[in-house]
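So that you can see what the record holds, here are the features copied from Swiss-Prot:
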BINDING   His564, His568, Cys666, His670  Zn(2+) binding site
Amino acid sequence: MSPSFSGAAIRQAFLDFYAQRGHQVLPSASLVPEDPTVLLTIAGMLPFKPIFLGHQDPQYPRVTTAQKCVRTNDIENVGRTARHHTFFEMLGNFSFGDYFKKEAITWAWELVTEVFGLPPERLVVSVFREDEEAFALWRDAIGIPPHRIRRMGEEDNFWAAGPTGPCGPCSEIYYDFKPELGDEQIDLGDDSRFLEIYNLVFMELNRDSEGRLTPLARQNIDTGLGLERLAQVLQGVPNNYETDLIFPIVQKAAEIARVDYFQASPEQKVSLKVIGDHARAVMHLIADGVIPSNVDRGYVLRRLIRRMVRHGRLLGIGEPFTLPVVETAIQLAEAAYPEVREREAVIKAELQREEEQFLKTLERGERLLFDLFANVTASGAPKQISGADAFKLFDTYGFPLELTQEIAQERGFSVDVQGFEQEMEKQRQRARAAHQTLDVTAQGSLDELAEFLIETEFLGYSQSSARGVVEALLVEGKSVPQVEAGQSVQVVLDRTPFYAESGGQIGDRGYLAGDGVLVRVEDVQKRGDLFVHFGWVERGILRVGDPVQAQIDLACRRRAQAHHTATHLLQAALKKVVDPSISQAGSLVAFDRLRFDFTLSRPLTPEELQQVEDLVNTWIAEAHPAQVSIMPLAEAKARGAIAMFGEKYGAEVRVVDFPGVSMELCGGTHVSNTAEIGLFKIISESGVAAGIRRIEAVAGPAVLEYLNERDSVVRELSAQFKAKPQEIPERVAALQAELKAAQRALEEARSQLALLQAERLLPQAVAVGNLQILAAELGSTPPEALKTAAEHLLHKLGEGAVVLGSVPEAGKVSLVAAFSPAVQKLGLKAGSFIGEIAKLTGGGGGGRPNLAQAGGKQPEKLAQALQVAQERLQAELSSGLGS
């Protein structure tokens, strides 16, 4: 292997190339991004996202970087394919409103062909199907033959960093590992032949949460060249793991496992590659400040470490082994990323602690598993570990399913994987149903603290501010003596005015202020008798025992109060207008809206919804005062107070009463008079389950915000239609009628065009005895018109068979077969025949013996499929006629 093509040399050559073309070389950003919408830095462009969005001015018009990235969305493929990784380096050049497509394409080609010496004849490029400018540049400016420029759809060649944010069409350079197959078989989806090495994104659009695309303030360039991928090509190795960037780590793991990598079994190689990959990710994550935990990026790190340990066990390594492996990773990375050596002690300490802890988990899990083996054997039942037991091992003891399966197999047992997945889905449903804010470790820590901490005194019914003392601080689920600026923290006070989430009402927001310290509180949760304030330290140092002034955000509290009281009024109105037997099935009381689920087997009519809304607003206008009292549960029920079905209440309950309107058992906060709500507006009514309906609504200031948003939409529609607001429904109806008429006319025109085109296909028919065969492609003809054309052709041909195919839209194939009675008598059925042909295009279908339709999703294989159809028809009809 030439030293000039080492991983380090590739990285430096890339940066030097663009530095010579006016780019500022910037160091890699941290794997912990400033962007709150993503856990980790997943792409080279992520540090520049604010610039691409126009939220921040660039310091330099052109930059180039070698960016550390971590992605875990395909973690199960790591080690099993040649190119999947969790950690990788993305080399990139970026332009912020400076150069655009021409320069990006020209320089990319110059770099890969002249600097790295890749033969042009082994390169293929792709462009977005609608990007004519990029296609012309590759063809005319670079000189690539058109057949080696592939037009691709949005799924392949329209790039985005995520569901929202900067995006745009892209163009990719692929390396051809098998040029001897020729240009006739260029399929960029064939990973064994083609490897994408360079992606050029022409970043000119922004996609919002509604999926709308709008132009960015500047036309930008964002490129990405995978260092590991290019190293594989230049170093002539079969996969990324055998490049000099990773292979020394793999070899170290093999040495510890006493395995010869080149003589290892396929599964052993997978484990060695997983260890080599994860070691790099773990090293860089800890170096960038991530520590193992059960939440967010800390959980990603913990999972990677545990996968390393598990794959070590699969290799037969029974003792801790990760430190020498990561030391090799540090040696490889320290020249480019000095921080990994500077934080070596932290990296190894966190890794050692996590590995030792997980090994204990594995030992404990194995003991429990062996007990299960013994119990099942003694019972005489089939040798299978139930899904519930496998899930308990996983969920309670962190014992991986794969390890349970491996050990079970060694003992002649199977594992009910389907049952395990069912238990996993149940847990996901529980997680979705419950607002989880504490991780498992944090819950355990609080349980321990609760043994000696006093119950938090809640003052929030009468006070918005109160003096309290810090009883406990938790970071990442662990009790700590102090926290500093920039840290997320959970604070337990001896007394607080903050309402903790319960009864559907979300927790208060606000702040805790002390001597030189300020903690912003974003949520409050109740754990037993303790109120836990979730937030982050904006400035100063907060210590256990410090006195603080706890102040709620009054504006948020008032919004929550308005929505909570409105929820009570809504339930009362539903009982009065719709059905007295209606009962609450769930609720959400937030700052910006309310949601009320209730029992009813049918949708509400528009008239009922309006009556309910009007009645609530009437009660608001009547200014009913609130009366709150504490009384025995039996007395409250005797007075007619509404209790939520299934809720557990103590001997004494809090009753919120708006006399003559509503009386409920409730621990939430409310307005002192219904007039404080102002207005109430129902937004929607829908079904959420059998017998359960849901109303979403807004109250108080949120009504004005909702109406302003609606008004903005109406004004925009008025401008678009050049009509008064009251005229919009009529204009929309007219437009819909015009659209339907145009669609009918278009379909008719397409059918006529298809028939004209079909007529031209008649000379292509082939005679087999007295039968005529025709298999042909009919452009972009829609399915219905294609069927009409097939019937028309069969009528013209007389006795025979017609198979037609088309590509009605990108990524879709339409097929139809029409067989005459004479063909059917020979045993050929249109339905089964076209179904088999459709499989060749990645689809399926069928229908009647005389006429059938099918579809596919691989247009590039349509011509081949039609050729197969022609050959099969000729062969089978010849055979039938001959017999």
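Note that Cβ sites are derived from N, Cα and C of the backbone, with glycine treated the same way.
Neighbouring residues of the recorded Zn(2+) site, listed in sequence order and excluding His564, His568, Cys666, His670, comprise Gln561, Thr565, Thr567, Val589, Val656, Glu664, Gly668, Thr669 (Cβ within 8 Å of the Cβ centroid). Same-chain residues at least 6 positions away in sequence with a Cβ under 8 Å from that of Cys666 (Zn(2+) binding site) are, in sequence order, Gly503, His564, His568, Arg654, Val655, Val656. Taking Cβ-Cβ distances under 8 Å and a sequence gap of 6 or more within the same chain, the neighbours of His670 (Zn(2+) binding site) are Gln561, His564, Thr565, His568, Ala626, Val628, Val656.
Of all Cβ atoms in the protein chains displayed, 25 besides its own lie within 10 Å of the Cβ of His564 (Zn(2+) binding site). Counted within 10 Å of its Cβ, the other Cβ atoms near His568 (Zn(2+) binding site) come to 27, all protein chains included.
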